[in-house]
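S.K.: Structure incoming, see below.
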Amino acid sequence: MSETCPVNEHERRYSKEGLLKRYAQHKTDHFRGRLLFSAGWCAIVALLLSPEVAAVCFVLVALGDWVDSWYLRGLARAQPEEIDLRKATRWSVLTGVFDIALFATAAGLPTYLCELELNWHTLHWEPIFSIYVLISFAMVQIMFLPLHPIAVISRVVILFAVPTVILAIGSSNAHLASDPHFLNVGGILVVITTAIWTGRLVNARHSRRRRTELKQAKQQRELQSAYAQMFAQQVEARRLALVAESANDSVMIMDRARRISWVNESFTRMTGYRASEAIGRRPRDLLASDNTDSAVLAQLNRKAARGESARVVLHNRRKDGSPIWIETSQVPMMNSRGELETLIAIERDITAAKEHEKELEAARVAAEEGARSKAEFLATMSHEIRTPLNGVIGMAQLLEQTALDEEQQKFTDTIHSSARSLLALINDVLDMSKMEAKEITLSPVSFSVRQCFEETLRLLEPLAREKGIDLELHIAPDTPEHLFGDDRRITQILMNILGNAVKFTDQGKVTVQVSCPTQTTEPRLQFSVQDTGIGIAPEMLDRVFERFSQADAAISRRFGGTGLGLTISQKLAHAMQGEISVSSTLGEGSCFTVQLQVQAAHSAPIEVDLASDDEVDLTGTRVLVAEDNQVNRMLVQKFLKNTGAEIEFAFDGREAIEKAKSISPHIIVMDLSMPHVNGLDATRAIRQLPIEQPYIVALTANAFDEDKKACLSAGMDDFLSKPVNRKTLLSRLQNVVSEINGRRNLLYDGTAPRLDSGKTTG
């Protein structure tokens with residue numbers, strides 16, 4: 001039942017439709033009673049006047065009442081909301097008037113017939129019987145005034161009008177003029193006044209009853225609401241009790257003294273304490289261990305006293321002494337005075353989660369240690385492999401500068417080529433390792449597009465010439481002369497793709513086409529490498545960028561390589577917001593297309609033009625080489641021969657610091673891995689010396705980006721990785737001398753010597 005049902009029912013009963021339905025219900029329910037009343041007074045008429053007159057009166061009364069009751073019976077059966085109020089009111093008034101008109105006619109008929117008889121036989125006239133019948137029936141009608149005012153008033157008016165007419169007609173009779181009929185008329189008026197007063201009393205009683213019933217309905221509604229709320233609370237309490245009893249989590253209820261008053265079965269399963277053992281004791285007395293954080297317990301107590309919920313993690317112990325981690329949520333219930341009344345604690349065993357967390361932490365530490373060990377291994381391998389490679393490549397370069405016959409030149413070229421291949425393999429492995437660790441770094445600079453591509457093609461021209469294939473470069477006319485990007489990475493991508501094209505092409509040509517439309521706000525450098533080589537099978541096209549992917553083992557054995565070049569190139573392209581795509585026909589050749597995000601260059605790159613190694617002049621430049629490897633010392637000495645540089649050697653970092661004090665070098669070529677004091681510590685120490693600070697160039701086999709950052713952070717000015725090319729080293733040193741002389745020219749006062757003057761400075 002709805003909470004508002006009593007009030008709704010009251011409003012329904014006292015609505016206009018409801019009152020009309022109740023009026024109809026009363027009329028139909030008392031139909032037989034009214035007929036008995038009419039039969040009674042008609043029987044009196046039959047005894048005192050005439051049976052025929054009585055019969056006529058009864059027929060008139062019964063006919064009118066039946067018609068009225070027949071219509072009202074339909075209204076009584078209908079629901080209030082189904083009643084057409086306007087139509088029902090109109091028809092109920094009409095049937096009521098018809099009913100009461102016939103009743104009034106029947107009640108007045110004995111008086112009329114009696115008057116005629118008296119006119120014939122006697123001068124006495126007595127209409128009191130009809131008047132009593134009409135007035136008594138009118139008084140009964142007044143009782144229904146609140147239910148249907150229009151119909152009741154219409155009926156009462158007719159019932160009072162007939163006696164008035166009877167008296168008026170009687171008083172106008174000449175034979176009866178001497179009788180006191182005016183007193184009778186006055187009596188009728190008194191009765192009418194009484195009827196009006198009675199009607200008002202009935203209406204007032206009806207209003208009071210309506211207000212009383214409305215009040216009772218509201219009280220009943222409130223009682224029902226309270227009962228429903230109480231029932232819902234009971235259901236909720238039973239439900240919560242059932243949930244608490246069957247919950248997997250431990251549930252404790254404590255009083256204001258923090259003593260346990262109730263626990264569920266999960267508490268016993270989790271702690272080992274039965275309910276009888278726990279009730280009446282404090283949780284901290286049962287569960288606290290030496291590892292339980294007292295500060296957390298104090299925090300729980302403070303929040304409970306303030307009426308605040310709390311959720312914490314505690315390290316407790318079970319009944320058997322075994323440790324247990326629990327996550328507890330405590331909810332305080334306060335009384336009307338704001339004091340703690342009850343404390344509910346819901347606790348969950350998270351020991352397994354804590355163990356898993358510990359395992360994850362151990363795994364994380366192990367992973368970090370593994371990554372660190374891997375980085376150290378790669379750095380060590382890079383250093384240990386690049387150091388002898390530096391000697392091999394350097395000695396091959398020195399051999400090329402000597403007088404060699406054709407066979408010796410061939411041997412030297414083979415040594416040089418094999419060393420470069422080995423270096424390329426090492427670089428691929430190291431690059432792949434850094435990319436797996438997501439350590440790709442870009443160093444964008446302004447660079448010459450034509451120079452970038454021409455120099456790369458120039459490196460591969462000897463191999464192409466040896467195989468009898470042509471290398472062609474086509475640069476679109478609208479390509480900017482300079483762009484801003486990482487030319488080193490672009491060269492690396494081009495070198496990998498172009499190297500593959502030359503390697504897998506035995507006849508024909510390899511064509512490189514370059515373009516860079518500048519109409520868009522973000523220019524994209526696009527170049528393609530088209531070859532006429534062996535091609536790639538369709539089923540292999542989707543795998544060419546996978547690691548260690550080659551067409552088959554025979555190709556790997558025939559052409560060599562790690563299978564990492566294209567993988568590295570694709571990752572580099574992605575790092576530059578680009579993509580590499582490929583199309584190929586088996587037996588006809590392949591085409592690799594590269595698109596890279598670049599920017600327009602704001603200035604042209606600074607270029608140092610060295611026509612040949614013989615033009616490098618380092619006369620008067622004091623160069624300190626800090627290197628513990630004898631082969632590398634010899635290589636640097638040979639590389640700098642005939643440059644005019646004054647060379648000093650230090651065998652470790654400690655000696656480098658001492659010689660920096662004594663000779664004040666202009667340039668220091670510093671190895672990183674040296675005994676006693678490494679290159680980084682030596683650089684830091686030299687930067688603290690009260691001397692004219694030298695230009696320090698790192699020359700190391702550690703080729704990682706973090707190594708370069710460490711060198712620059714320690715105070716070095718430049719970074720070269722082994723194996724170093726003779727031309728690269730000389731070019732870099734020439735640039736350094738030019739930079740130093742440029743600074744000196746700005747400060748030159750006529751006394752300070754220049755580096756190329758043959759004099760030195762302290």
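Every residue, even glycine, has its Cβ placed from backbone N, Cα and C.
Annotation comment: TrEMBL describes 93-113, 125-145, 152-170, 182-202 as transmembrane segment. Residues annotated as domain 'PAS' in TrEMBL: 236-281. The domain 'PAC' annotation in TrEMBL covers 308-362. Residues annotated as domain 'Histidine kinase' in TrEMBL: 380-600. As annotated by TrEMBL, domain 'Response regulatory' applies to 622-737. The annotation 4-aspartylphosphate is assigned in TrEMBL to Asp671.
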S.K.: Note down the number of other Cβ atoms within 10 Å of the Cβ of the residue listed as '4-aspartylphosphate', including every protein chain shown.
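M.R.: Other Cβ atoms within 10 Å of the residue listed as '4-aspartylphosphate': 27.
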S.K.: Under 8 Å between C-beta atoms and at least six residues away from its ends: which parts of the chain pack against the transmembrane segment (93-113)?
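M.R.: For the transmembrane segment (93-113), the nonlocal Cβ contacts are 38, 41-42, 45, 49-50, 53, 56-58, 60-61, 63-65, 67-68, 71-72, 127, 129-131, 133-134, 137, 141, 148, 150-151, 154-155, 158-159, 161-162, 166.
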S.K.: What are the DSSP helix, strand and coil residue counts for the domain 'Response regulatory' (622-737)?
M.R.: 52 helix, 24 strand, 40 coil
S.K.: Summarise the model confidence on the domain 'PAS' (236-281) as a single mean pLDDT, whole number.
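M.R.: Averaging the confidence scores along the domain 'PAS' (236-281) gives 81.
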S.K.: DSSP on the domain 'PAC' (308-362): how many residues come out helix, how many strand, how many coil?
M.R.: 12 helix, 30 strand, 13 coil
